[in-house]
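Undergrad: Sharing a structure below in structure tokens format, with a few things to ask.
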Amino acid sequence: MNESPAPHPLKQRLGGRNLYLVGMMASGKSSTGRPLAEQLSYGFVDTDAVIEQLAGQPIPKIFNEEGEEGFRAMESQVLNAIGQRHSLVVATGGGMVSKPENWGILHQGIVIWLNPGREELFRRLHADSGNRPLLQTEDPEAAFDCLFAERLPLYAEADLRVEVGAEEPDGIALKIIELLPQLLSPPVKMNG
């Protein structure tokens, strides 16, 4: 008979609070979120994947048909629904932080900013530019720099900032697990 592994000791201290991964596009939120959820015995949700599933089309097409404002409205609706659930690691879209009303939901959980830094982000995006609607311009680097400057102070509102480099997602997940206790109440000692 297979026994499931014991839950991570942090799971109880988290008290079911969702962990929201924020950061620029290509910062590794989805790839890090899966192993993080697995380590904590949490569920995993990618808001972009949920939006694509609900809309029945890929995000670039949603941007083309609905515009950024329409997409952001869908994103907020999805976040509202996710916020009703608990014990989730949530990979958010890069612009999730741009709507002030989203922060009310994000701050009900723990907000974790994955920050690879500008150069690494642009390198990753350059390799995947076709799937990034906000970079479909004459000068993608200038568009990126503008977005980066606009969003940086918003990401800085996160509860935890995690500098990431070339580590594998599993390693980044472990780094988050090592840093999370500084945000949590000490474990409760039970008598008896």
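Cβ coordinates come from backbone N, Cα and C, glycine included.
Below are the features listed in Swiss-Prot for this protein:
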type: BINDING; residues: Ala26, Ser27, Gly28, Lys29, Ser30, Ser31, Arg132; note: ATP binding site
type: BINDING; residues: Ser30; note: Mg(2+) binding site
type: BINDING; residues: Asp48, Arg72, Gly94, Arg151; note: substrate binding site
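Situate these features within the shown structure.
TA: The Cβ of Lys29 (ATP binding site) lies under 8 Å from the Cβ of Leu21, Val22, Gly23, Asp46, Ala91, Thr92, Leu114, each of which sits 6+ residues away along the same chain. Under the DSSP three-state reduction, Lys29 (ATP binding site) is assigned to helix.
For Ser30 (ATP binding site), the count of additional Cβ atoms within 10 Å of its Cβ stands at 18 [all protein chains shown].
The Cβ of Asp48 (substrate binding site) has Ser30, Ile59, Ala91, Gly93 as same-chain neighbours under 8 Å, each 6 or more residues away in sequence.
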Undergrad: Return the residues near Gly28 (ATP binding site) by Cβ distance under 8 Å, restricted to its own chain and a separation of at least 6 in sequence.
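TA: Once residues fewer than 6 apart are set aside, Gly28 (ATP binding site) is near Leu114, Pro116, Val164, Pro169, Ile172.
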Undergrad: Looking at Cβ-Cβ distances, which residues of the chain lie under 8 angstroms from Ser31 (ATP binding site) while being 6 or more apart from it?
TA: Pro169
Undergrad: So how far apart do the substrate binders Asp48, Arg72, Gly94, Arg151 get, largest Cα to Cα in Å?
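TA: If we measure all Cα pairs in Asp48, Arg72, Gly94, Arg151, the largest is 18 Å.
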Undergrad: Looking at the binding-site residues Arg72, Gly94, Arg151, whose Cα is closest in space to that of Ala26 (ATP binding site)?
TA: Gly94
Undergrad: Nearest to Ser27 (ATP binding site) by Cα, among Arg72, Gly94, Arg151 (binding-site residues)?
TA: Gly94
